[in-house]
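**Q** Have a look at this one before I ask anything.
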Amino acid sequence: MTSGGTTNSAIPGARVPDGGWGWIIVLASFMIHFIMDGITYSMGDIFLHPMMKNFPGVGRASISTTWAILPAVTLGSGPIATVFTNIYGCRKVTIVGAILASIGFFMSGFWANVYFYYLSIGVIGGLGLGLIYLPAIVSVGYYFEQKRSLAMGIAVCGSGLGTLVFPVVMERIIGKPWLLGFAHGLKIEAVIIVICVIFGALMVPLPQESSEIRRRALKERAKAKRLALQSKETTSPNDEQRNQLLPTIRERDIPLQKGNILGRESTAVVPGEQQHPDGDNHRTSLPRIDETSIKIIDPTDKTPKKSIEQFEEDISSEPSVVVSRKDAVYQGSLHNIALFNDDKEEYHRQVITTTDDVKLKPEVKMSFLAQLAKEIDFSLLKDGAFALFAISNFLTSLGFNIPYNFANDLATDANVIEQHRSWPIMAIGISNCFGRVIIGMLGDRKSLNRLYLYNIALVIAGASLLYAPYCTSHIGTHITYASLFGFFSGGYVGLTSIIVVDLVGVDKLSSAFGVLLLIQGIAVALGTPIVAQMRDIFGKTARPYLWPYLIFGSCILISGLILFGIPALQRRKERQQQPTQHQLDMGVLSYSKENINAPERPQQQL
């Protein structure tokens, strides 16, 4: 099934390089994560105190709401980015997102108003980063199968490295020695964000992707129109021949992608063959030609004529086009999926959607809102195990951004030396890189229970926050809790898509991910402002962050503990309804077995 590092299959869209230009895609994704998450996670560390000095009388809650809205909108716009990516491809969506986010940050540098920042940085910047976030993952998923886990692991490490670098660099830009101020700092970040346009341009779409097929089709139509104009100048058909031919020209639709079918256009009866990059010859019909520019075949021409039926058959044989891959955001090894190991072509049929699967008529084509609704399947919450997992994600997200936003402020309250106050968030960043890689590798091992690994990671991350407010003025105590949180929270992020597949199957991963992104966005928007408000309320106590960290650290700890109930819920469900062969093939684990990572597949009833 593999040759020269390329996965081959009869299913369009399954031919992925697993190397080659794919590593450039990994580099682009790495740099996008570096810039996007580096800026997002360091906002509180860099801008909280400068803004508090510039806006006297404005509390932490009002200021920190800016970098609460930013990640909330970024996560919440995930389903929107999914629809746009399916329609226009990763390259275009990334470029537009980078420009939009850059505009939002650049606008914020001209008006020092905290409420204006909610719109410019939070909403506009967040929406732009949301359009970048999903393609940065999906593009890697399209280019890799056999080496998916390695490629994804390298790409997402950019997040931790960005969190390490940005606090150091930006602190010196807005403070000593450059003293540019936070307004100029926001403009500089806008310039850095726009660099993502370059990395977006590197996301060359595979030939079988819908956006690329759409581009080639439009190019062919433009070429055909030019040929039609030339034929008009050189040909003068008689009226009788024209009247006989015109009734046979029927309008046809050329469905290129789900929910984004090109307009109705007639096709001229001039079929041809086009050599596609995948090596297959496909019949391609030329676009509509005006009745005034129809070239009539000379009656004296001895060339054999084709019947109308033959012409219709040629025109209807359009090449299949990839609409989406349901496993594109899966960050684990595809060898965890039973069907991928047993029958790759059947697996591709299950997870790859092409235009052959969505032969939609123009009158029933899906609207943008309909496509968006399909990406967020709330019916999955009827499953007890997935509902519990969603609740866990909400609790985790309430406290997830707290150490990123307030590590510097916590160190200030503890009287840590000023030059060392950025070290905790830097420790989070570097340990996050190691956590994503190491815990991700452990999650791919068959001998380990990855659900329990995921739960333990959350419990330790939550416990580290419980310890944080007791840190002393010695920077080592802050680095300790920060390193623990960074390592195990990084593992949590890397395992999330893997656990989702274990619960609902890879064929429902995209819809389940859309639900989780919305839930996470809501929680992130709530957590940061509440912690900031509590810090102001307890400002005169010895440990102002004691109760905020205890409460939200407990949320993360509890989010891990409650997930130990998933196997019991799954066993109860299996007693009522045995998992189907399809569910097991798609990666859903049977929790009735002792080893949940290697369930015995039920025997077929004869």
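From the backbone N, Cα and C atoms, a Cβ is placed for every residue, glycine too.
Worth saying up front: this structure is predicted, and the values here are computed from it rather than measured.
The transmembrane segment feature in TrEMBL is assigned to 20-43, 93-111, 117-143, 150-170, 190-206, 384-402, 422-439, 451-470, 482-505, 512-534, 546-569.
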**Q** Does the chain bring the transmembrane segment (422-439) near the transmembrane segment (482-505), so that three or more CB pairs sit under 8 Å (pairs 6 or more apart in sequence)?
**A** yes
**Q** If you count Cβ pairs under 8 Å, which stretch among 93-111, 150-170, 190-206, 384-402 touches the transmembrane segment (482-505) the most?
**A** 384-402
**Q** Can you tell me which parts of the same chain pack against the transmembrane segment (546-569), counting only residues 6+ beyond its ends and a CB-CB cutoff under 8 A?
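**A** Contacts with the transmembrane segment (546-569): 384-385, 388-389, 391-396, 398-400, 402, 406, 410, 451-452, 454-459, 461-466, 468-469, 503, 527, 530-531, 534-535, 538, 591, 596.
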**Q** Among 20-43, 150-170, 384-402, 451-470, 512-534, which stretch has the highest count of C-beta pairs below 8 Å with the transmembrane segment (190-206)?
**A** 20-43
**Q** Between the transmembrane segment (451-470) and the stretches 20-43, 150-170, 384-402, work out which stretch tops the count of Cβ pairs under 8 Å.
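**A** Out of the listed stretches, 384-402 contacts the transmembrane segment (451-470) most.
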